[in-house]
Amino acid sequence: MDIRDVPEAHIDRALALAYLVFHERPEDELHKHQQELMRECERIGAYDGDTLVGFVALHRFTLSVPGGEVPCPGLTYVCVAPTHRRRGVLSDLIGEVHRRCAAEGWPLAVLWASEDAIYGRFGFGAATDGITVEIDSRRPLALRITPDERPLRMVDPADAPELLGPYYEATRARRPGRLARDAARWRGEWLVDKDEEDDELSPPRIVALGDPLAGYAVYRTRPENEDTHSPGLVRLDELEADTPQAAAALWSYLASIDLTGTVRAWGRPLDDPLLLFAADRDQVRVTGQFPALWLRLVDVTAALTARSWAADTDLVLELRDDRLPSNAGRLRLTVISGAAHCTPSTDPADLTLDVRDLAACYLGGTKAVRLVHAGLIGEHTPGAADALDAALHTGQLPHTGDEF
Ligand SMILES: CC(=O)SCCNC(=O)CCNC(=O)[C@H](O)C(C)(C)COP(=O)(O)OP(=O)(O)OC[C@H]1O[C@@H](n2cnc3c(N)ncnc32)[C@H](O)[C@@H]1OP(=O)(O)O
């Protein structure tokens, strides 16, 4: 198999392969959107002669990490022709992604997985989690705090990138795991008129609190189904707020929209304050939890030094990395005043771990001590996992709203 760039002239071939493996037949509008998306991406193909049999597209993303941000590729549209499965095509494509990361100076790579079983073997760990939350809104939302009383206003989606964009960007400084969005991303991914998966949903609606902006919610609605008598739905896509009171005002608004009886929010952060300030947890239920952003530390030293750290520490980590031997071996991680320094070491290891498990811990979303309890990290010095967790700690849990 020949691994090479996919020229613009082959974008339709790449999309045809993706539609084949993902069992899709998109409408014209969506197809055009995907063509545009592919034009923006770096495109890597596996060719069998002239036939494109494997494909991966790379977004050029900027990911928030504690204390800063890093450029990284976002892998998407990963597909291998059904006729060429399990012959190492994906392994070759990922190998090429690693080479490009080294060439571009990208310390890590990210993706959303179609199936959890695929990417661990390639050194990816689930670095952020999302939860689904459902509110029974047939009665007013019961709260333990008083909502912000400033007026709410509807925002025209056409104005949203300008109004919400800077606000969202500020949230990235507080929450690791978030991707930078430009106006094109807002328009193409968040504000499209027709929902990709449910054509009964309304266009996006945006409600904003305060001026200057103190919070916003992006949502769609679906009317009551008269045949099944299921109540109208509010499907929340994103909610951000400065304070718990501002969040409470937005949640109360969503739960009080006439002719609806359920609010369904997908991909909320694990530490969503709603779960604590809701007075009745029978009314506000977590209905699911899933791994969201998978992260690969391609250059461990560069990635560890790119984030800030919450506590001083000095630990020797014995790292396993089957795919990238340059990461494997013993590394001394010294954190002084929030900055990490990494040097090769011959001292005995405090912790032994696989690179995928370090990736899961990297943004502060997974506790190393839990991985010790699960038998996935070896702790040779008592308290070493606690020390690593204290250093990795982040104020807010990592969260990724952008699925790609
Ligand atoms: C970021 C994204 O885009 S996620 C989308 C991923 N794509 C899809 O789900 C579309 C449908 N599936 C496919 O196109 C293909 O089956 C792929 C891309 C998942 C795998 O491609 P392949 O070329 O068959 O993978 P490859 O032969 O390199 O397999 C490498 C290893 O992964 C394993 N593997 C591959 N796919 C899967 C899977 N779906 N579940 C579990 N293990 C898998 C293989 O068994 C192999 O294991 P080994 O190293 O122990 O031998």
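Note: Cβ is positioned from N, Cα and C throughout, glycine not excepted.
All TrEMBL annotations are machine predictions without curation.
Along the domain 'N-acetyltransferase' (1-159), the predicted structure has mean pLDDT 96. Residues or ranges marked as domain 'N-acetyltransferase' in TrEMBL: 1-159.
Note: GLU115 (acetyl-CoA binding site) has no non-local neighbours, i.e. no same-chain residues 6+ apart with C-beta under 8 A of its own C-beta. The acetyl-CoA binding site feature in TrEMBL is assigned to VAL78, CYS79, VAL80, ARG86, ARG87, GLY88, VAL89, LEU90, SER91, SER114, GLU115.
What TrEMBL records for TYR119 is active site, proton donor. Non-local contacts of TYR119 (active site, proton donor) by the CB criterion (under 8 A, 6+ apart in sequence, same chain) comprise LEU111, ALA113, TRP294, ARG296. According to its DSSP assignment, TYR119 (active site, proton donor) is coil.
Residues or ranges marked as active site, proton acceptor by TrEMBL: PHE404. Sequence-distant neighbours of PHE404 (active site, proton acceptor) (same chain, 6+ apart, CB under 8 A from its CB) are HIS59, GLY74, THR76, TRP112, LEU179, GLU189.
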Which same-chain residues, if any, lie at least 6 apart from VAL78 (acetyl-CoA binding site) yet have Cβ under 8 Å of it: PHE55, VAL56, LEU90, LEU93, LEU111, SER114
Which same-chain residues, if any, lie at least 6 apart from VAL89 (acetyl-CoA binding site) yet have Cβ under 8 Å of it: MET1, ALA46, VAL53, GLY54, VAL80
Residues satisfying Cβ distance under 8 Å from SER91 (acetyl-CoA binding site), sequence separation of at least 6: PHE122
